[in-house]
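Enquirer: Got a structure for you, written out below as structure tokens; questions coming shortly.
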Amino acid sequence: MRMCRRVVTVLALSLPLAAWAEVPVVDDNAGSYPPAGYGTSGAYAGSGASAPASAQGQLFMQLQQMQDQLSRQQGIIEELQNDVSRMKQENLERYQDLDRRINSGAAPAATPDNSSGGGASNAAPDAAAGAAAQQPAGSSQPGDPAKEKLYYDAAFDLIKQKDFDKASQAFNAFLRKYPNSQYAGNAQYWLGEVNLAKGDLQGASQAFAQVSQKYPKHSKVPDSLYKLADVERRMGHTDKVKGILQQVVTQYPGTSAAQLAQRDLQKL
């Protein structure tokens, strides 16, 4: 009887242990360290553990936007640098062209056609015929050739000195004082050259245009028209350039200005 009680007692005590052993152990964090919700230090981070990743994404986007802005600004700077380089090159070419014209025999003229400068003129007529051709309609006031030449030479010397501001003023004053001078056509042309050297494209355009308008028979007309086309191109008036160049080629064949105009037409 006593033995039966012991067996029953052992069985009663072993049943909970057997049931506990049958319950499977599930590890939700198997294979991961640290466990979810905990930082690397072991401290619990809570549900906001994903916040640092979001902040890093925003920072990356901001940096990307800044990089894009810097790239655009760099492109603008490069364009401006190219424009400045082009303008410097054009100014240098204008000065060099002016020097060539001065040094190639384009000195102050003893007659209206001795100062052809660009080589675009044909054989020069005599001084009397040239002076008559330059006089606008209705003008018959006599001049003083010696005094006119003195004023003209003084203005031209300012070009040689590269004092373009004073040269422009001097040629303007000469044309106001001696509009019918035998040197007026030359003065009008060189006024255009001086204004171009100064970078005054509007003034250069007006001066070159007036050579053919006021002195249509003057030997400077082909050169002045060709230079006018160049100025209009610089000002962006491409619609006018082709017509002016065609006028030079058609009306003044055989001149160096016509040859240059033909070359430029082929590039348009």
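From the backbone N, Cα and C atoms, a Cβ is placed for every residue, glycine too.
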Enquirer: If Swiss-Prot is the reference, give me the range from 104-146, 190-232 marked as region 'Disordered'.
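Expert: Region 'Disordered', as annotated by Swiss-Prot, spans 104-146.
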Enquirer: May I have the DSSP-based helix, strand and coil counts for the residues of the repeat 'TPR 3' (222-255)?
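Expert: Its residues fall into 27 helix, 0 strand, 7 coil.
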Enquirer: Mean pLDDT, the coiled coil (58-94)?
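Expert: Mean pLDDT for the coiled coil (58-94): 76.
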